[in-house]
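Below is one structure, written out as structure tokens, with a few remarks after it.
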């Protein structure tokens, strides 16, 4: 089992503006394991970016304890490292942002090399390092291009290479794909996954998009108004969201709400027979491999008319979502519901026939 590389314990962050006190983060505890791709999701103003800046103490918390890679960096209201040790610790943490923050007058390779200006490497070693980093992010052929000559995705690749220049153990991505088109976003997420696998890099993803969490993360924390309201594996959160905000994020990411709107306009649903009901079936893991609807027809003579179906792969595990009309004798439908529950399927009745 991997150990926690980032431990944020009971973090409070308070700002004072004139006569107002703003509680940006309230008693948040997050532990992130080595090798995780960990998502922190929430709407603008939720406190997620403020929280993540305490990892490298770009933002000092008001209260709480921070441990990074085994070292306590902040406790009892004070930074626990010397200035030199803090600088070294920050080198272990790379950051990328929505706006790429590249220097317009420097080429791609010069932007990456800038991050090595305090490195103990020789000039030749630095040059080799820059070439290796640009190859790693798939941009070696653009080494001599200036930012103005690069697309948004290419600029972000340069920013990623620069963030990796000092061989960090942790990479923080603060809305790094927000300015990119969907195709480029997928390419950047695929690159981050590859870096996670190749380098054993721990990645913290700050985002307002649950789709990104679904595509890349293995664990997720949901924040609202400075409070962590839900946390767990992506599989658990998507399979069984407990909080209303989490459910809202997930329905947006899966498109189930939009599907239901269209389904409710269909004649079969508008005029549901007395011996039928509209149900949503959610299932995960081995349940997705079983011919469950065929099984309930054979056992209970309950037919299933599939109006919507979707299977996602979350952290290597298939997760299914289906909207069906179940039709049969009332007692048989009850028996079929029970059989589905016993097979690990969550059954929600959306409408009963009149």
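Every residue, even glycine, has its Cβ placed from backbone N, Cα and C.
For reference, Swiss-Prot has these:
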BINDING   42, 43, 44, 45, 46, 47, 48, 49  ATP binding site
DOMAIN    8-250  domain 'ABC transporter'
Q) Around residue 47 (ATP binding site), how many other CB atoms lie within 10 A of its CB? A) 22
Q. For residue 48 (ATP binding site), what residues in its own chain, 6 or more apart in sequence, show a Cβ-Cβ distance under 8 Å?
A. 40, 41, 42, 206, 223
(Q) Return the residues near residue 43 (ATP binding site) by Cβ distance under 8 Å, restricted to its own chain and a separation of at least 6 in sequence. (A) 208, 224
**Q.** Shell of the ATP site beyond 42, 43, 44, 45, 46, 47, 48, 49, same chain only (C-beta within 8 angstroms of their C-beta centre)
**A.** 50, 208, 223
